[in-house]
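As structure tokens, the structure follows; a few thoughts come after it.
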Amino acid sequence: MLDRRTLMGGILSMAGSKATGAALPGRRLRVFVATLGTETNSFSPLPTGLDAFRATMLWRPGEHPDFATEATGPLWAARERAREGRYEVIEGTCAFAMPGGPVSAQAYQLLRDEILDQLRRAMPVDIVAFGLHGAMLAFGEDECEADLLERARAIVGPDVALGAELDLHAHLSQRLVRAADVLVAFKYYPHIDYVERARDLLDLLERIRAGEIMPTSSLFNCQMVAGLATQSSPMKELVADLFEFERRGEVLSGSLIQGFRAGDVARMGSKVLIYTNNDQPAAASIAQDFGRRYQAMASIMKGNGPERSFAADIELAKAATAYPVILVDSSDNPGGGASGDNMALARAMLDNDLVPSCIGPIWDPLAVQLGFEAGLGADFSLRVGGKVGEASGLPLDVRGKITGLAENVTQNLQGSRPPLGRVVCISTAGLDIIVSEIRDQCYGPDMFRALGVEPANKRYVAVKSSEQWRIGFGDMGRSVIYVASSQQSSIRHYHKRSRPMWPFEPV
């Protein structure tokens, strides 16, 4: 059966067609933008309901603050063009939750339908652009993004240009690709390019609406899942080559989707998505070429071959001679849906005299409350962490001093300010433990500095993160050691993911 793009081919090539209406001189494009997303960890004990969205992002039309966020790049880019007189922007709800467990059916349906009702009221429009993540799962719906896009298409019809920006840790499927005219994912990890990719998305949607291009896609399944930083070789060169294909015009858009291994769904995995201008054989060939190169490099990259034991990680840290050493507790990263309250690394730092040092953020609202009750300077016994679930492990009983208290602490994330709420620093035996009221990962040193702790003066700096910490720390660390404190991979039991998939099975 011919898909919508094939049927549109004749229409797009006709002079004076309806699609060319977007290019009429003097007319601003009517553009609807909204956001709905989270990154769902199927194994997280943390429920994701409406309160989780309220705690992170639940901005109704007109409430989006005057800065860009990872989740709302399309809205920000559309506002830029509205200021230039090019767009009439109709803003929908922007909703995003800190990664956790599956979204409740009630929360997902309420937010989805709220956005779709806003779209109905906005009609007629020329363009619909969503900020999505790509790895959002809800009870009763394993493909939230495709579901939203399909329902949006039913509202706007075939002639409106419809697309979305995705995180590169998305789960891609043919259903999701078919649901949009074009999908554009971040190219960098850490995620530093969400505004640029949102601009790319809008450029493509404008050209689609004007009838200038007909994106034709190919999706290559790498049969693996590998999270690779893009600032170092060989991934750096692969991304650069993809940009070069786009610059030359051979590719309209290309996305290297790394996938998210904590999502237990059939579509989970690393994939390559390529769009060409009505040239499917070329799209398939280019997607396969990049996919094969990605497969070849994965096994030599961090975190994708045989993992060191936690004990070996600590021995490696003890052997360091250049400081500070950044200890990255990626297995307990709140940015991947973990609780952020596993204390194994903090305990090991104390037991092995890895001091002077600091660690954070540890998520423990009760410990924060008790720390504020005790007050600044108090000598205090406090049980920290180990509260949420099996992966949290044992709590750490700390006898120390409250050396820092701060309210309304935020972190700088490329201009946006994700909150940590009230934060406590408890110092014991040379280790400064940063405990936060709101769960989030570490994006940089300002989290420590808000409590009077200077990471540059420490021998060891332990962060609850995976790669996003690099945004703020830059090259502060003389060496970087990735540790696996919670051993979460050992307690994951997949039921839905495809098989075989490397590194779980040989391919």
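Glycine too: its Cβ is placed from the backbone N, Cα and C atoms.
As given in Swiss-Prot:
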| type | residues | note |
| --- | --- | --- |
| BINDING | Asp167, His169, His191 | Zn(2+) binding site |
| SIGNAL | 1-21 | signal peptide |
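Distribution of Swiss-Prot features across the structure.
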residue: Asp167; record: Zn(2+) binding site; Cβ neighbours (10 Å): 23
residue: His169; record: Zn(2+) binding site; Cβ neighbours (10 Å): 27
residue: His191; record: Zn(2+) binding site; Cβ neighbours (10 Å): 21
Any further residue of that chain within 8 Å (Cβ to the Cβ centroid of Asp167, His169, His191) of the recorded Zn(2+) site: Glu39, Glu70, His133, Gly134, Leu166, Leu168, Ala170, Ala185, Phe186, Tyr189
